[in-house]
Amino acid sequence: FSGDFCDSSLCLNGGTCLLDQDPQKPFHCLCPEGFTGLICNETEKGPCFPNPCHNDAECEVIDDAHRGDVFTEYICKCPHGYTGIHCEIICNAPLGMETGAIADFQISASSMHLGFMGLQRWAPELARLHRAGIVNAWTASNYDRNPWIQVNLLRRMRVTGVVTQGASRAGSAEYMKTFKVAYSTDGRKFQFIQGAEESGDKIFMGNLDNSGLKVNLFEVPLEVQYVRLVPIICHRGCTLRFELLGCELSGCAEPLGLKDNTIPNKQITASSFYRTWGLSAFSWYPFYARLDNQGKFNAWTAQSNSASEWLQIDLGSQRRVTGIITQGARDFGHIQYVAAYKVAYSDDGVSWTEYRDQGALEGKIFPGNLDNNSHKKNMFETPFLTRFVRILPVAWHNRITLRVELLGC
């Protein structure tokens, strides 16, 4: 090559023309990705052309020597927040610290601060993002030289990031300025996320004040049951509210359309519904049973407290259902919720099958809510393909009252 450019119109599809000293071939085309041939007129074929990966993911060809037991000819390198073979699954959903889907017993810490003569417990279960109140976060003991707080997710999940927030204690801002993240599959042996190029444990940047949010996404998603945050530098005290981001390992746990109203009202029905003081204007209709629904009448309430009552969702077509989130509500100050329930499913809305664990003879009873507002998430060990889903209350507090979301794909 002479290194000089020539008329690029000689090369098609955006190719760059370079002069060549060979008289047989006076110019050479540098073809853009996806094109080949003397004048870039042929579409390049191969496992990565066209790119099979979604969401701007990079496609990398695997050569035969390194393929081993991997039968695909390529892998997709997913950008932050995506997962799946083709990076088609969004994996940065809040895992439940803020909503209460992660229960108090799942959160533990090395220590906690006891304030105001020991009456104020800055306990680990308070470390929930945006939690309000005077005592509204976790604070490590002043005497704890190696503080940490951890979450047991109860099963292996894909964890892709963390959102941290400080709090105000005794009128002063306290927060975590830098921290490490450790993880474990068994709760005994922990490893730290590593920095780039063997630089040791990765140090994450934390907060700058007591109320702002700091999002840190992990370079490589974790597939773990336990996640531990380890403060390194704190402002005044090691005080923390936080949320974990990620998704189920299956990737099939997206909301199926109750909360966002993609399931229309007519597809949400029930055995009956309650009218406060018998007035139609004060009806707790089935289609109010949408997770986090707001308003004075914001949930489904059954007419009677009976195990024969049910709430039914028609998904419109057959879907793979992998889990459920339930929530109670409040009726003029009275806290109401379903404390335990069964799940049934049907393809035609007539013939029903109660969900049961593998090998079980009876329908599984799922633990429900403990209050009117927290989320309670239950995942099905054996997901099912269905169109119709029924929730069958077994135990309740005050009245049978439900807000709900189904999960799946």
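Just so it is clear, glycine is given a Cβ too, placed from its N, Cα and C backbone atoms.
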Correct disulfide partner for C76 among C48, C53, by Swiss-Prot, is C53
Correct disulfide partner for C234 among C238, C247, by Swiss-Prot, is C238
If you consult Swiss-Prot, the disulfide counterpart of C247 among C91, C252 turns out to be C91
According to Swiss-Prot, the cysteine among C59, C78 that forms a disulfide bond with C87 is C78
Taking only the CA atoms, the spacing between C234 (disulfide bond) and C48 (disulfide bond), expressed in whole angstrom, is 46
Cβ-Cβ distance under 8 Å, sequence separation of 6 or more, same chain as C48 (disulfide bond); the residues meeting this, in order, are C59, E60, V61, Y74
Argmin Cα dist to N41 (N-linked glycosylation site) over the recorded positions C6, C11, C29, C87, N372 returns C11
Cα-Cα, C91 (disulfide bond) versus C252 (disulfide bond), nearest Å, comes out at 10
